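Trainee: Pasting a structure here, questions to come.
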């Protein structure tokens, strides 16, 4: 960019994730540190289209670091998918003298920004904030650590009940396209099996694992199922098992949206803090049209093209570990 | 009882509740304190029928106070409903020289014990352990405080997301016949409305409350629904609202079995501890065929007849408070 | 009061307690419900003296129910102890047309308000907010339930370490004049002994209890000590035991201010909600110069004279339970 | 090793850390998976010297994954520092036909094992379990993630109180030689400053940072101090600031041993699970005299010589981030 950046607009978009506030704070404070102006754009692209924009100085982001959700709120915007919507948004950015954008969100957010960037070339940086950890270009997304811990705490509670009653529980966790929460929550929760979108386990394979429990002293079992399971969601799997055998006393719990909320873990706060700083420092160093990521504990920048629409592959190692430990 | 009590059998039955282990510990330690023998009967009436019985001295119950579930496990027993099953159970009690029983559970447990008591006159005391707080004869049942806090923590997380997105959430909590968890979790969670089995709110009433939100600056709303709602469960209510208006961005979460587990609160641990001591001291003082309860912070004993099959009424005061505060 | 109440000022004062925000919200929303104006006075008597006063409508208290601390902040005010200070405060109340006061705090707060009330007769109601549960006129104060749970969660963590190492831990909890947190956290935490200000246990008594552990298989022990212990604080007791015997591997943890913070439990939120409503309804019904309290689950009002400077006695029953269960 | 490994002994030693039980479980289950026998050695080197050794099959480690502390208990052994003590230990290993050792602990544990390994050449693998994250050869040690979250949760609670009262808090966290917990808890807790053993900040530097707060609207401040601070511990620093200025209302909290306990996070459970599997697979693949570590998310093995007595350096990046964000 030849033009100097003086004023940055930050926003959150798509599903909220714990740690988004820590990222917003880091962006605002880094701007203050580097003597840039910072404004917050409310409700993602909706607020950009409506001009719902307010100053965000270092003090305005005090005491939000530890909070779930996003103080800038989030929304999905149909209008931003139209050229007219994006035009309105750009007009507001110009009116507010916003030189650069920092977007915090997931793949949907990125797709929208990519289009906007191609049309208007506003210097833009993405920060990956989504509990699903389904983005390539970064080892971890903001919110994943917290959501997985939330899932594990729920599983621990269910285990108390499962063990008291010798029951089989199907526990559904978030992850429409990605088994990250499921596989790690499954290992950490001591699941008998984990069903994820990425894997090709058949229902027969699953049933066999549960059946093996019949012969051992293991009477209670937990199965963790990712939303995006290819062989049926938690309710469907429970039904199939019940149809096959009356041996099991089966229950189902779908954790749902509580996985999105809650105070972020130290990991997500530190990750969000680092990414927020890296976004502003990146902008100042001429980075543009990129996503900030963490790779092997270093901040890296990847081009929009290299991350958008790509899938973060699940590690085979985790699948192997889950299997060995459920013996 | 003319015969002196020398050996007590304790068991848990029905749905597990946080604090059951604290009650088991208190029974075992009180026995030790008063120089009685104590044995644990596994899996409720099932273990009594099978003779699955083991000594429970003061040390055997070390380090269980803080754990959810029940170390004695729990089960529902069909066989105990037959005279033959109860005969087998009684034979095992005789064989083990068990002079008295302490049962920890809810209404189902009590019904079984009542029948058994009428047939065999084994000195028996009930301890109310159920998250539902649906028993008369006591202000609180063991597990209720913990379960309500678990529900509130989940609601807090969902609120983060609701506020970030201006959403309407229907959150279903446990309580098939009782709105206790719902009403208190609703007040504590700042719900716009609470739907409970005891109340005669119509769907129109509910819709009106939500609709009022349209006119105010209150954009996100939570509705807490007890399992036993008479106007539809959380999914049904969400569907009805969606059919009526597209204004709301609606989501549903059913908290389910995670409400049963988890480490008990101080309140449930102290309550369970007091009830366990009161059960043994009651037996030693000739109490028999009674349930231990807490009333206005005092331990009281109520006859089986006065508590079994009765319903703990919801306090009208709580309903009133919920309404005022959701203004 | 002959004059009708139209505008209420609410403030928090003294040490903060979890649930104060829930009480503030309940006061503000009850005012809205009953068509009264409500203003918040910042930093207790300091803000009253300085005129740091702002409107508090139903929406202004949104999303604070679940937060620790107090959004109105708190402070101790030396100036309010002088007639000049109180004069200034009264002038500000008049200037803002404040007809009545609701004070949320503990004994120190009450003493200040009592004096002010005697001088200026501003209709006033107290809400007991302090983690210590050391006020008479109410079974529970706002914050006590949360603080005790916080203490118990910390004790649970320390128990993990104690049991892994066969150690003796002295854990100091808050309570300068009151052993309430200590005794209930001690029972719930499975303490070998509890040292509280109210009791006359000598160091020899305590040492004997610990010594008894030497002969049993109980290798790790926890002793919960209230701040106001008459036989030495946690560090002092640890030192005395170490001087007497090298048998024990002794550690000390002073929980300190973390007991004041954190999101309130459902119990404290509901209690605070009920008390806030009762304060406003009390004012409307002519209650004045009283503290709101909860007795046997009912809201009651007690005169300033009957509660200020009094002490909430610890129940002997709890001491007895603690002793039986640490066998 | 030319001799085939048939039986593995696992033990924990030194300070306990959350996740040690998950590592024990992973070792025992991996042994079962690979058809090796596994035994648990109680209380570290003490149990080895005394022959306190028991079988540890796949079922014996059920339901421990989520628990803090260590079921094998831990102790420091003076006798193992003598040749006679190590001789006794080796005799017991021989008597039990133990072919290989897996030790879970920190630098002290490793030093002991190194000596033993040099003398007796028993195939040995170390698993780094310590909350301090002070070992080289691994990016993370087991327990660090949980301990840092525990510290941050405590800081969040203290922040509620600090903000309600405009106070300055000094919060001391664990870390005698390492500032890892402090720096990450400091960033995540929004600390105004972090004092760690590795850094050369003077008291004047610290005082200046706090003083800068006087001029801003930032009235409450938190300073996180690592145990091993070179410029005074939390109490000493508070005293120095109080001597310099009466502006601050200063409080101190020393978190202490509660940082060691608690249920491990998903991260620590997964890390421990992976390391436990890697230890057994390493032994089977001829790894010996090495520590298992995680580097850039891969399992690696480092020789005893390369890790013992070395220090894991704090990353300069974190110090920089902490500074920018406390603006």
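The backbone N, Cα and C atoms fix where each Cβ goes, glycine too.
Caution: TrEMBL annotation is automatic and unverified by curators.
The annotation domain 'Phosphofructokinase' is assigned in TrEMBL to A:7-282. Feature annotation from TrEMBL assigns ATP binding site to A:15, A:76, A:77, A:106, A:107, A:108, A:109. Sequence annotations record features per position, and here TrEMBL assigns ADP binding site to A:25, A:26, A:27, A:28, A:29, A:159, A:218, A:219, A:220. Positions annotated as Mg(2+) binding site by TrEMBL: A:107. Per TrEMBL, the feature substrate binding site maps to A:130, A:131, A:132, A:167, A:174, A:175, A:176, A:227, A:251, A:257, A:258, A:259, A:260. The annotation active site, proton acceptor is assigned in TrEMBL to A:132.
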Trainee: Would you kindly determine which binding-site residues in the set A:15, A:29, A:107, A:258 have their Cβ under 8 angstroms from any Cβ of chain D, listing them in sequence order or replying 'none'?
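Mentor: Correct list, in sequence order: A:29.
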Trainee: Could you tell me the mean pLDDT over the domain 'Phosphofructokinase' (A:7-282), as a whole number?
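Mentor: The answer is 94, the mean pLDDT of the model over that range.
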Trainee: List nothing but the one residue from A:25, A:176, A:260 whose Cβ has the fewest other Cβ atoms within 10 Å; the candidates are the binding-site residues.
Mentor: A:176
Trainee: Can you name the binding-site residues among A:130, A:176, A:251, A:258, A:260 whose Cβ is less than 8 Å from some Cβ in chain B?
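Mentor: Checking chain B against the binding-site residues, the residues within range (Cβ-Cβ under 8 Å) are A:251, A:258, A:260.
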Trainee: Whole-number Å only: compute the distance from the Cα of residue A:220 (ADP binding site) to the Cα of residue A:132 (substrate binding site).
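Mentor: Cα-Cα, rounded: 28 Å.
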Trainee: Can you tell me the CA-to-CA distance separating residue A:130 (substrate binding site) and residue A:27 (ADP binding site), as a whole number of Å?
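Mentor: Roughly 17 Å, rounded to the nearest whole number.
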Trainee: Name the one residue among A:29, A:106, A:107, A:109 whose Cα is closest in three-dimensional space to that of residue A:258 (substrate binding site); these are the binding-site residues.
Mentor: A:106
Trainee: Checking the spread of the ATP site as listed (A:15, A:76, A:77, A:106, A:107, A:108, A:109): what is the longest Cα-Cα distance, in whole Å?
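Mentor: Across A:15, A:76, A:77, A:106, A:107, A:108, A:109, the two farthest Cα atoms sit 14 Å apart.
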Trainee: Widest Cα span across the substrate binders A:130, A:131, A:132, A:167, A:174, A:175, A:176, A:227, A:251, A:257, A:258, A:259, A:260, in Å?
Mentor: 33
Trainee: Round to a whole number and give the Cα-to-Cα distance in Å for the pair residue A:77 (ATP binding site) and residue A:260 (substrate binding site).
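Mentor: So the alpha carbons of residue A:77 (ATP binding site) and residue A:260 (substrate binding site) sit roughly 20 Å from each other.
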Trainee: Taking the centroid of the Cβ atoms of A:15, A:76, A:77, A:106, A:107, A:108, A:109 as the ATP site, which other residues of that chain lie with their Cβ within 8 Å of it, listed in sequence order?
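Mentor: The surrounding set, listed in chain order, is A:13, A:14, A:44, A:105, A:110, A:111, A:112.
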Trainee: Whole-number Å only: compute the distance from the Cα of residue A:109 (ATP binding site) to the Cα of residue A:27 (ADP binding site).
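Mentor: About 18 Å separate the Cα atoms of these two residues.
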Trainee: In the three-state scheme derived from DSSP, which category covers residue A:220 (ADP binding site)?
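Mentor: Once the DSSP labels are grouped into three classes, residue A:220 (ADP binding site) ends up as coil.
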Trainee: Quick check: of the binding-site residues listed here (A:27, A:174, A:251, A:260), which one has the Cα closest to that of residue A:15 (ATP binding site)?
Mentor: A:260
Trainee: What are the sequence-distant neighbours of residue A:76 (ATP binding site), meaning same chain, six or more residues apart, C-beta distance under 8 angstroms?
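Mentor: Same-chain residues close to residue A:76 (ATP binding site) (Cβ under 8 Å, separated by 6 or more) are A:13, A:14, A:44, A:108.
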